[in-house]
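*Asks:* Before I ask anything, here is the structure I am working with.
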């Protein structure tokens with residue numbers, strides 16, 4: 001069975017579950033929120049931007065950064081975790097921006113998204129833009145043509161992505177390079193579209209041109225169920241393939257349009273699209289996967305890399321809100 005994306009009218013967030021209408025109370029267990037215990041429209045009804053990322057610390061830092069970028073009162077103060085009663089996810093607010101952690105992998109982000117989407121629905125939010133901010137492995141081949149001493153032209157493929165580059169996803173694809181998310185429901189495989197909003201991706205790319213100190217590109221993002229074997233790494237506890245097979249697979253991924261690899265984008269794109277949310281995925285590449293598997297950069301370098309998607313999203317939000325460009329700040 002195949003389910004396709006359909007953006008809904010009116011800008012509302014729509015849940016596709018008729019059973020919710022007959023429930024007296026909806027407990028958002030993993031977020032420690034509920035329709036009877038909390039006034040969700042009062043708490044969240046004016047949210048316009050939702051940013052999600054794997055790490056609770058990173059999403060707290062992003063919320064603090066956004067408070068400074070938006071000039072909000074108390075920008076230097078510690079932010080309360082709205083989900084403090086749960087140890088699963090963390091949620092922070094900065095004006096119209098909600099910042100939430102989702103953990104690692106499809107199961108974790110899927111649970112969070114089900115409850116987040118219901119939260120936005122119950123809060124009667126309108127015209128919400130949702131963006132995943134994350135980290136990834138980069139993947140770019142550059143074609144190099146040379147003329148050796150034999151006089152015959154040769155073509156070789158060489159790794160060429162710069163660590164720290166930011167990739168804006170145009171299409172999320174699975175490990176077979178297909179734009180789909182497969183969910184098993186009652187024993188049946190349901191195939192869902194992983195379409196993302198192309199206009200939003202182009203708007204983000206336009207914003208990136210105002211940030212000159214790191215490269216940004218648009219490309220497909222491959223989503224896997226695993227960090228090691230599923231991404232063709234040679235350094236896991238299990239590995240049944242050669243380095244040549246790994247490189248052949250990554251070359252086929254590149255030929256299919258893949259520019260980076262992570263573990264959440266297909267589920268994110270599918271759930272957001274089905275519920276009428278305009279969504280984007282923006283990830284920094286921590287390394288070039290064609291040069292190695294292990295992340296060897298220093299903590300300081302990785303911290304600066306992880307700020308790059310946050311700076312881009314901050315510029316986008318400021319632009320959407322009609323604010324001028326902000327000076328670069330470290331956070």
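Here the Cβ of each residue, glycine as well, is placed from N, Cα and C on the backbone.
Automatic, uncurated: that is what TrEMBL annotation is.
Got these off TrEMBL a minute ago, pasting:
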type    : residues               : note
BINDING : 88, 132, 133, 134, 135 : phosphate binding site
BINDING : 231, 233               : substrate binding site
DOMAIN  : 48-139                 : domain 'Nucleoside phosphorylase'
DOMAIN  : 156-318                : domain 'Nucleoside phosphorylase'
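How buried are these features, and what lies next to them?
*Replies:* Here the Cβ of residue 135 (phosphate binding site) has 20 other Cβ atoms within 10 Å, regardless of which shown protein chain they belong to.
Taking the Cβ of residue 231 (substrate binding site) as reference, residues of its chain lying under 8 Å away and at least six apart in sequence are, in sequence order, 137, 224, 261, 289.
Per DSSP, the domain 'Nucleoside phosphorylase' (48-139) is made up of 31 helix, 25 strand, 36 coil.
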*Asks:* With every protein chain in view, what's the tally of Cβ atoms within 10 Å of the Cβ of residue 88 (phosphate binding site), excluding that atom itself?
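*Replies:* Taking all protein chains shown, residue 88 (phosphate binding site) has 17 Cβ neighbours within 10 Å.
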*Asks:* For the binding-site residues listed here (132, 233), tell me which residue's CB has the most neighbouring CB atoms inside 10 Å.
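*Replies:* Of 132, 233, the one with the most crowded Cβ is 132.
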*Asks:* Enter the number of other CB atoms within 10 angstroms of the CB of residue 133 (phosphate binding site).
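*Replies:* Cβ-Cβ neighbours of residue 133 (phosphate binding site) within 10 Å number 24.
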*Asks:* Provide the number of Cβ atoms within 10 Å of the Cβ of residue 134 (phosphate binding site), excluding the reference atom itself.
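*Replies:* Around residue 134 (phosphate binding site), other Cβ atoms within 10 Å: 28.
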